[in-house]
Amino acid sequence: MSGDGLADDSGDRATGRRPAASFERGQDLESKRETKPGDGSGREGEKEPLSASGHEPRDQRKYDSVRENGRGQQSGPGRPVGSRPEEPGSQQEQHDAGGWYPWLVLTVTSLGAFLVVVNAGSLNVALPEISKHFHANAMTSSWILLSFMLVNTVLILVFGQISDIFGRKKLYLGGMALFTLASLASGFAPSAGALIALRILQAAGGAFVVVNTTALITDAFPPARLGTGLGINVLTASAAQLVGPVVGGLLAAHWGWRWVFWFNVPVGVVAVLWGMWILRPAPGRSTRERVDAPGGALLFLALGGLVMAMSEIGELGWRNPSVLVGLVLFAIFTPSFVWRELRAASPLLDLQLLRSRSYVMANAANFLNAFSRTAVVLLFGLFFQFAYGMSAFEAGYRIIPVVIGVLAVSPIAGLLTRRFSTKLLASTGMGISMAGLALLLLTIGPELSYGLTALAMLLVGCGAGLFLTPNTTDIMSSVPSSRRGVANGLRSMLGNMGQVLSTAVALSIAGAGLPEPLKNVLYAGADAALSRQELALIVHGYRWALAVLLLALVLGLLTSLLRSGRRPDASRV
């Protein structure tokens, strides 16, 4: 939006903020307006005093204008009758600022999200070099990756509440600074254990970045353009997924694995300085509200147990002690967390959010979409290696159609949210992904046609690109601004959990019933000169895994259709 509705003062027009005194007058006006004649308050007929110029105050004129025009929302500091004036720096005020500010915020958040996602992808490629350097065994090597995923997943919701309470700008920038410093230290790690500890610090900083990225965009963009902003955000993350392995491979091959971490440092410094310059401070909900630390601890134990069990169940089996311990932790602490949240004064998970059908159904669809899509890349990346003897780079090249589909469609989906309901777009996206998964299920075999496989993966990616932006728009626009940190935290946490469970469940199903040597081939993706019969056994497991993923996507489509249909410009802000 333009800045036409801002206050007349030139200083206010330049900053996009109104003075504190004006804000206080707006609050006082509202309380006086809501006092009914004869209510015994002793303030019947009381009016706001005239300003020094002899005219009624500017805020009063704006409130009266709203009453006369019957609008539910207007540009400028004024608010609808009966609603609370927004806090300085809040979403409404940032919308009123209009101009370039939302797009500048998008550059800040895109830079941060790009850095975190690129780091994850680049480390996957550099892991063999790191393992060789430290002479790490398979379990230690896996925890170099798993530690980040585990900590990032379980801290997202906790950090969402912290950001809502204390303000998003300083915690986003603090998280980016922590991520950058941990990256610098990781490059000097003297042992695998030290690297794992530093990866945990990286994950904590990354969680602050991830949980605030979408919330900052939602606060900055007016509802009618929110889909465009979120679409570009999805595009940035998808591009980072594509670039990450390339960056990691080049750095590890030419300069060594330590530069995979040091690469983050200059980019992180630029991201922090740019964010300090661009982002406007926005206060939290209340300095008297406390962080739900007990709830966070219970959630950490519950989700930590589930992630630990699901990440190892495919290779170690259900009866392995570490898997059983993880499942027991999840079974005990999940109901404990729910019990705590029902009684906490400031709950980590605001159960009031669950009263919104759109919010609940969109989050459920988000989880099922992540669950059904993530394993496709992994399964076929491994399949091309053990079935055709391709290198990891060649196999990665073959699965690019999924990423291309997301890259191509996500910005278009953002534009379409201005004309079509989020329900229609998200559900259509899931339907397209269903067609792609069904084609993969029908064509998988010892001798598959890559043309059909590439088309199927492209459909999966296009469907995901069409789903992600409107679904995220629906989630973020269905909650008030003061709760968007927690709301986005739950969205991100469920998406991460869907990815983790997708990988674990798909590999477990694909490897069920295979002899131990074939399981090693499946999990490692190694070229083992498989016989046609052995390859047929693996393909049989793949079909069952793809069928489960397709079933999850069908459930996701049904869930998506149960949400209320609306366009973002009709949402609550």
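Just so it is clear, glycine is given a Cβ too, placed from its N, Cα and C backbone atoms.
The compositional bias 'Basic and acidic residues' annotation in TrEMBL covers 25-70.
Look at TrEMBL and you will find 105-568 tagged as domain 'Major facilitator superfamily (MFS) profile'. Across the domain 'Major facilitator superfamily (MFS) profile' (105-568), the prediction's mean pLDDT works out to 83.
Taken from TrEMBL, the feature region 'Disordered' applies to 1-95.
Under 8 Å from some Cβ of the transmembrane segment (100-120) lie the Cβ atoms of residues 16, 94, 148, 172, 176, 179, 183, 202, 206, 209-210, 212-214, 216-217, 220-222, 225, 229, 232-233, 236-237, 239-241, 243-244, 247, 260-261, 264, 267-268, 270-271, 274-275, 278-280, all in the same chain and six or more residues away from its ends. The transmembrane segment annotation in TrEMBL covers 100-120 (among others).
As annotated by TrEMBL, transmembrane segment applies to 140-159 (among others).
Under the heading transmembrane segment, TrEMBL lists 171-190 (among others).
Sequence annotations record features per position, and here TrEMBL assigns transmembrane segment to 196-218 (among others).
Sequence-distant contacts of the transmembrane segment (230-253), counting only residues of its own chain at least 6 positions beyond either end whose CB sits under 8 Å from a CB of the stretch, comprise 106, 109-110, 113-126, 129, 213-214, 217-218, 259-260, 263, 393, 396, 400, 403, 406-407, 410-415, 417, 465, 468-469, 472-473, 476. The transmembrane segment feature in TrEMBL is assigned to 230-253 (among others).
Look at TrEMBL and you will find 259-279 (among others) tagged as transmembrane segment.
Taken from TrEMBL, the feature transmembrane segment applies to 291-310 (among others).
The feature transmembrane segment is assigned by TrEMBL to 322-339 (among others). Cβ atoms under 8 Å from those of the transmembrane segment (322-339) belong to residues 295, 298-299, 301-310, 312-313, 316 of the same chain, restricted to positions at least 6 beyond its ends.
The transmembrane segment annotation in TrEMBL covers 399-417 (among others). Long-range neighbours of the transmembrane segment (399-417) within the same chain, counting only residues 6 or more positions beyond its ends whose Cβ lies under 8 Å from a Cβ of the stretch, are 226-232, 234-235, 238-239, 241-242, 373, 376-377, 380-381, 384, 425, 429, 454-455, 457-470, 473, 567-568.
For 424-444 (among others), the entry in TrEMBL reads transmembrane segment.
Cβ atoms under 8 Å from those of the transmembrane segment (450-469) belong to residues 227, 230-231, 234, 238, 365, 369, 373, 376, 380, 398-399, 401-410, 412-414, 417, 425-426, 428-437, 439-440, 443 of the same chain, restricted to positions at least 6 beyond its ends. Sequence annotations record features per position, and here TrEMBL assigns transmembrane segment to 450-469 (among others).
Taken from TrEMBL, the feature transmembrane segment covers 490-514 (among others). For the transmembrane segment (490-514), the residues of the chain that approach it from at least six positions outside its boundaries are 149, 152-154, 156-157, 160, 210-211, 214, 303, 306-307, 310-315, 349, 353, 363, 366-375, 378-379, 472, 475-476, 522-523, 537-538, 541-542, 544-545, 548-549, judged by C-beta separation under 8 angstroms.
Non-local neighbours of the transmembrane segment (259-279) in the same chain are 104-105, 107-108, 111-112, 115, 119, 122-123, 126, 169, 172-173, 176-177, 179-180, 183-184, 186-187, 216, 247-248, 251-252; each lies 6+ residues outside the stretch with a CB under 8 Å from one of its CB atoms. Counting Cβ pairs under 8 Å to the transmembrane segment (291-310), the top-ranked stretch among 140-159, 171-190, 424-444 is 140-159. Counting same-chain residues at least six beyond the ends of the transmembrane segment (196-218), those with a Cβ under 8 angstroms from any Cβ of the stretch are 91, 102, 105-106, 108-109, 112-113, 115-116, 119, 140, 143-144, 147-152, 155-157, 159-160, 163, 168-169, 171-172, 174-183, 185-186, 189, 226, 229-230, 233, 279, 472, 476-477, 481, 484-485, 487-489, 491-492. Long-range contacts of the transmembrane segment (424-444) within the same chain, counting only residues at least 6 positions beyond its ends with a Cβ under 8 Å from a Cβ of the stretch, are 362, 365, 369, 372-373, 376, 380, 409, 413, 416-417, 452-453, 455-471, 474, 539, 542-543, 546-547, 549-550, 553-554, 556-557, 560-561, 563, 565.
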